[in-house]
Structures are given as structure tokens and as C-alpha cells.
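Below is one structure, written out as C-alpha cells; comments come after it.
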Amino acid sequence: MTDPRIRNIVIVGGGTAGWMAAAAFAKVLDAGCSIRLVESEEIGTVGVGEGTVPHLKLFNNLLGIDDVEFVRNTQGTFKLGVQFNDWGRLGDSYVHGFGTIGHDVGLLPFHQYWIKARQAGKADEIGAYSLNTVAAPRGRFMPSASDAPPGSPLANVAYAYHFDAGRYARFLRGYAEQRGVRRTEGKVAQTVLRAADGFVEAIVLESGERIEGELFIDCSGFRGLLIEQALHTGYLDFSHWLPCDRALAVACEKVGPPTPYTRSSARPAGWQWRIPLQHRTGNGYVYSSAHVSDDEAATTLLGHLDGAPMGEPRLLRFTTGVRRQAWSRNVVALGLAGGFLEPLESTSIYMIQSGITRLLNLFPRHDFSPVLTERYNAQSRFEYEHIRDFLILHYHATERDDTPFWNQCRMMSIPPPLADNIRLFRDSGRFFRDGEEMFATPSWVQVMLGQRIAPKGYHPLVDQMPDAELAGFMASVSHVVASCVEVMPAHQAFIDRCCTAPAMVA
Amino acid sequence: MNDPRIRRIVIVGGGTAGWLAAALLAQALGPQVQIQLVESAEIGTVGVGEATIPQIRHINRFLGIDEDAMLRFAHGTYKLGVQLNDFTRLGDSYLHAFGDLGLPLGLTPFHHYWLRAVQERGHADTPDLWAYSLNAAAAAENRFAPLEKIPDSPLGGLRYAYHFDASRYAQYLRERIAPGSVQRTEGKVVDARLREGDGFIESLQLDSGELVEGDFFIDCSGFRGLLIEGALNTGYENWQQWLPCDRALAVGSAPGGPMRPYTQASARTAGWQWRIPLRHRTGNGHVYCSRFISDDEAAAQLLANLETEALGDPRPLRFVTGMRKLAWNRNCLALGLAAGFMEPLESTSIHLVQSGVSRLLAMFPDRRCDSALVDEYNRQTRFEYEHVRDFLILHYKATERTDTPFWQQCGAMEVPPSLARRVELFRRTAMVFREGDELFAETGWVQVLLGQRIAPQRHHPLADALTDAQLDGFLADIRTLIGRAKNTLPPHHKFVARAGGSLAA
């Protein structure tokens, strides 16, 4: 009898997605399973300075990589959230911080009490009630303190990283090769499909080498070498809701200590990111080519750097959307090959990670049960659509009317579930997370408030707390948060102490 | 401007649903909302011996209930799971135990490791799945005492619920409610007055002539749905095509025999029979499909399968499985049987009341009852009900019995696509994924799927990452830890006697 197990995995593409997949498979699968990765040095990867969400820690934990090792090897810095400037109105600024807001009382989330207090003029902005949103603008950072009393905001600090994704890929390459992953340099010239069922049987490299496999992971980026070019899976276009289709990326010299947050500033036809690394700062302008020319976009980008640019901006083109099936036959697409959502909330690496986890959960055998594939695709679609809706929220909930781009975003019709969420929040500040969607209640609440969706009312149970007590409650939470931030070190000081990257040969 | 806040809630019906709702709302809302409960002593409640699931313990904590005192009052005992007999084949028996099964490793649930051992070595050489459940090990020897976790190990302890007399539980709740926070009115509702324009309920007319006004109404009037259906004509979705039983006969029997820390559900020729051990008697009932068996025959089967003598004549109940099209319609929320009915095969009735109240509190409206809240409530309720429904259908559908027309029909029926997909996924890959917040977790599904003889073709490929020796060691360690922990537990009846004080040991 033939072995029903998958014994032979081929990964096509060696960017962040390819090496994350290789490293995870090498760690989790048994040693008898061969893993090969094909990449070409000629094909550049998209890796610019990259922001993440806190989940990446879990992935690193799975691999047994600790924080310090990771940050040192990737010129990394720490991230408490994203600062959004000029989104709701020109001049607006708010932070979408990771972690919780205040602390919940009984059945109700903190922000319900805050709404009432705020309406009565007895509370600060919502940002005053969580550690991350207070610490970030002040440039403070530390991870959870093991000696903090339970319940203290310092006992559970939620954070992510900024890092150089190219270096992360290189680091993971070392990790994966040490564990038996074989890397082959080369470009794929041809994909051979099995006559009977159209499964991918092998890829042929330009060198003529033929590489057979049972399971293929397509990490070849936007073009989707296997998933699209060979299997013609199709792509579902979201650009009527998320109209940006280009980005210009450039690094600039570091000026001053790194901020412990990503900055996202709305521009006339899109938005600009700023991601601080240890040695330089990553920048990019994501824009809609229907509303602004590349030249003009480059001028805007370069006009808003805080240090001298290091080289020319690089142009990237994309179509926001998702592959109709991320898993088709024996090909699973990860990273950009699986779909693209702009990095406004730093979800790209998260989606790679969750694609890998999902594949491991639903890991197939030789016969590739369609039930596994269907489930994978359903879960993946669910995840994409919910993140998509969260991104659309940033564009749609705006009062800006200063450019045609923002007018279009404000006026567009949005997916009905998002419209319902906005309506419910506007009515009485309520939000209900849908199943396991990625962004939880505090994220939605911060962004809805930050984008000026003002709740008309609040949860009726809030009235159980007497008004005097409510004011005291608000004051005590903001006081605790402020005192905690006082004891946090400066972000740069923390990095200096713990995880300075080794000096590099210039 | 009028104050839009809800100031008066009227609950109609004083069974378990009504009093549970009253207690939870009074505790959560405090004095800002006045609660009035209308019930009639003339109208009987359905309360027979009732089994629960572990989530009920959250209610008790929320209400500050002393578990021992409550169980003493409601003649309660402890429950570690449900034993299901004769469902798949005559002679079959398995436990749906609460709590953990073994220990997952990394991303891979435990049962895949067990399954790998079975597939590589055969059933005869591998202890069954329940050797890895402390609940099952304790249940098999009628042992019980609370145990948070197995000491010096990563394994969880016992997860338990209760068996009790539901009407005594309702009474206990009623007596514990802070004085004055719920006003009880004796009377029968004879009419509901709807507001011109939007059809919201404005007031209820009682048989005494009294008019009861409210901002919000909770219908706990049972099957008939006095408000939700009688007044608002909300409509009912019928699930009898999947869950065909439509009657039950319930009877108590004298105490005697072992005090089992689990509910028993035994398949009969056209339905199934429950046995629920209480302190002072045993609750029994036969749930059956009237198209396949007469009431007399059903009664005869019930009585023939009692362990001790019957206390009185069996009481008949009729029902239609299904759910109200909208549990929340305008300013009326239905709870309990008024919201829907699913047979008590997995003891979900009280839980559905509890989760309905929590959902209401999360979405607590003002007097306008914004349709965004109402829609969200109804969406979540439907999700919850349909997933429980699928779980119940599985017990009937996954049968190999062909000895009666009833079981032939169950085996042949077409099931909802959601369930068909799950069963197919399990059959081919042994994988089970809990969907969103559905009530039953992976371990519940795995036990019932395996217990009903749905044999997976293979285990999860990641379970192969252990060597043979590692696998054997891992499984043996868990069995040892469970065996040891089980031996420290006292007999269930002794624990009840000690904690309860009312039962002669």
C-alpha cells in the first residue's frame, strides 16, 4: 500500500511568505517529509519596512524564537499601535492601540461608561484610558512586567513589531535550512499538470530541472505563478471599495529616536505610512492612480519624509482583492499570491501566518479531500472580508470633502454588514465581533470613534452606576494608566538595553 | 422629550424560564428598572427532573447562589455527562462527557493521537477514547467531588453540571431575588393591547380585569407563546422533518439503585427515554414520535423501563420541535419554550434561557427597540439554535438501526447541509471545528461522532510528528494521571450526602 501521507512539499517563492511557511513546516511536520523552496535572486521581493499586529508573537513562539533574538536580527522596533492623522478631518489624530480599553465592568465594555461620561463632559478622549494610546505618543515602551500586580495595565502589554521583512525572511531561511529545508535557486519556467485531475505534478525550472511535489505552496507574489497562471483560479476584485491601486515606497534616514507606533497619514488621494526601524525609517504612499499621477504621488511622498531619502521611490502596483480560492487542487497560495489588502492595519504578515496555521489545521493527505479545501477557503474568505470591512471603515467614515478621492470614499456604498455595524455603533455605541473575525471590539471602537462616528446613546445598563461614581471611575482609570506610563522607559532606551541589532558591515 | 429608557419590564409566565429571567434581570438591572412577573397557579409548569450543562454554574456565580444550599433545596445531584444507549446499534453505549479529552499538543487536538494509535494498532490493543476523560472515568465508577485540575499535571479536572427539580430551582431563584425588585402578580393574561402605528405591546389585560402596562415584555408562557405568537403572530419554523419526536410522557420513580453522576438517554423503538437521578426520586420520561407509536404503547415502554416503582401516572406533553421565526419581535422577547423547543436529549433547555437573557443584556434596548439590535439578537439566536439542532440531529441520523420504521426513517433522512458537511469532514479526516461561539465544543462533537460509530478514515497528519515510542508514552501518561485522580474521588452519593446533609448515607 502506498503511504497516504504528504511526503513532498514544494514552496515557490522565497519572500516573507515563502520562508515563514518553510520554517513552520520544518518545525511542525515529521522529519520524513521533504520540504523544498525554489526562489530566484533575480526576482525582487516586496519587503519594505513592515508593521505587524501582536499575533506574530504567537508564530515566533511556535517556532521557539524569542523577542530579543527576533528584534536584533531584523533591525526591529516595537509597536503599540497605529497613529491615524487627517483621516476623519484634516487636523484629526488618533491612535488605534493594541490591547484593551480601560477595564470592563460586569457585562459591559468600558467604552459604554466612557460614552456617558464623555457626553456629560466628564471624561477625556477615549485615548486617555488605555496604556498603549497614552504611551505611544510619548515614545514609551516596555513589554509586560512580570512583577506587575494582576489587573495592572503593565501586567499585560499588547505589542507588535516594526521590522525589516527581508531580514526576517533571511533569518527564517537560516532556521528552515538548519531543519532540513532544501533551497533551490532558479526561476520557474513551466508548470506541469497531471492529465487526470489537473493537479500540479511538477514545476520545471529555467535550468531544466524538474521538481515534483505533492503539495505546492504558491508564494510567488501578486502574479500567482501556480494558483493563477497555472490553475486559473480567478480573483475577486475589491477595488470598488478600496480604490488605491499603487504604492511608492522609500526608506529615509533616521531622525531622532524611533516612535513605538506606525504612523498613517491621509493624503489627497490615499495615505502615507511611516515605519521606524532601528537603522532607518520606511515610508510609502498608497494611492489611487485614478486620482493622482505617479509623479505627483512621489512629490507628496518625498515632501513628507522626516529624513533624507535613501534612493528613489519604488513603484508597486496592485489590485485589492482575494483569490477566489486560496487553496485549489494541490496548491495553496500564501501572501500576495492569495490576495492583497493594503497595509493600513498591518495585516499582510498576519494573513500569511493565519494561512499557515489554517493549512496546518487542515493539513491534507494524498487524496486531498475536497472537504478540507472547502473549509480552508471558507475560513480564508471570512477572514479577508472582515478585514476588508475594517479597512473600508477608515475610508468611508470621513468628513473630508477637500479632494475628489475623499468625496468618492465618503459617498460610496459599503458592504451591508459594515453598514449595520456603523448603524449599531451610532445608535448606542454597541459592537459585536462576528465569530472569530480578526479585529476585536477595542479595535473597532477606537477606529469608529477616531473616525468621528459619535454614538447617540449608550447601553442602558450604564445608568446603574451613579453619576458621582462614574466620574470617579473615569478619573481612576486614566490616573492608573498615566502612572503606569510614567514608569515605562523610552522606547529607544528599552531597545538599547535589550535588543540592539549587531553592527553591520557597510 | 420623553425619557427613552426602559423603566418597566413585564414577564409573562412563572416557570423556570420566567423566574430565571426575573432573577438575572433583577440582578443585572438593579432598581432602575421595575420588573413585574405575571403567573397563574392554575397553569401548570413543565418542570420534571431536569438535567443541565456546566454553563449553569455561571448563573449561580452571577447570582451569588450557594451551590450546596441550592442543590439541597432542589433535590439536586451532580452530572458529569450523558450516557447514550442503543442509539446506533442495540447494545451500544457511550458517554458524552463534559470536560477535556486528553491534552492537545501544539495545534493538534488530542483525539488525533488516540486515533493514530487505534489505526496503527487496532481497537483491541488500544484503550477507548474515554480512557482519556476524567469525567468518563469518574462516571464509570459513580464517583464525584469537585476537582479544578489534576494536581501536578497540565490536565484539567472535572467539569460538571446538575440534575435537579426545575420547579424547585425556580422557586429557589424566586425566593432569593432581592425583596421588592420583582413584583409578582397572580393572574391569567386574557388580552394584549397593541399600540396603533407600530404594533408594540402596550399593556396586558388580566382575567381579574387588571391592566398591566410595560415598556418591554418577556414571553415565558411556554409552548403556546401567548405574546410572541398569540398577540404578535411571529410565526414558527418547524424542524420536525429532522427531529420528528412530538410527544413525551414523564413520570417520577422511587429512589433506589446507584446514584449515577450522569444522565441516561436510552433509545427506544420510536424515540428515547431519559433517566435523571435526583436525591428523593428519579425523573424519567419517554420522548417519542406519535406517528410511529401510540400513547399507550409509549407509556407501557416507559413504565417497563423504570428501575423502581412509578410514583403516579405518566404526564403527557406535546410539542413541535422548531424555533420562533423571531425570538425578539417589536418590544417582546420570547424565552424558553415560547422561543422554541428542542428535546432535552443534550439538556440544553435551561441553557438557552440563560443565553437568551445574557444576549438581551448585551443588547439591552431603549423603548424604541432599534431594529439593528433586534436583528443582531435574532441573528445570534438563530445561530445558536441551529447549531444545537444539528448536534441533536446527529444523534438520530448517525444510526445503523433498522429494527423499527422510526429508526429506518432517521437513518434515511436528509440532514441540513451544515451538518452533512461536518460529518463528511469528520469521516474523511477526523477533524472537527467549532463554529464561532456555538454551544458544543470540539470535544462534544468528537464524542458523539465517534460514539455514533462514524469512523474517521484517518487521523490528522500532524499527529505523525511523534515517534511510536513518544506516542505510547504520551497516551500512557495521560491514562495514568486520570486513573490516579479518579481514585481520589469519593462515591457520588457520599459526596452528595456530605455536601447536602439531607441524604442518609
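Placed from the backbone N, Cα and C atoms, the Cβ positions cover glycine too.
Here TrEMBL has B:Gly14, B:Gly15, B:Thr16, B:Ala17, B:Val189, B:Ile350 binding FAD, and the candidate from B:Leu29, B:Leu337, B:Leu360, B:Leu361 in that same listed site is B:Leu337. Here the CA atom of B:Gly15 (FAD binding site) lies 20 Å from the CA atom of B:Glu346 (L-tryptophan binding site). Fewest other C-beta atoms within 10 Å: among the binding-site residues B:Ala17, B:Val189, B:Leu337, B:Ile350, that description fits B:Val189. Figure note: comparing Cβ neighbours within 10 Å for the binding-site residues B:Gly14, B:Gly15, B:Thr16, B:Lys79, B:Glu346, the maximum is reached by B:Lys79. For the FAD site listed in the record, the two most distant Cα atoms among B:Gly14, B:Gly15, B:Thr16, B:Ala17, B:Val189, B:Leu337, B:Ile350 lie 24 Å apart. Per Cα geometry, B:Ile350 is the residue among the binding-site residues B:Ala17, B:Leu337, B:Ile350 nearest to B:Lys79 (7-chloro-L-tryptophan binding site). A helical conformation is recorded for B:Ile350 (FAD binding site) in the three-state DSSP classification.
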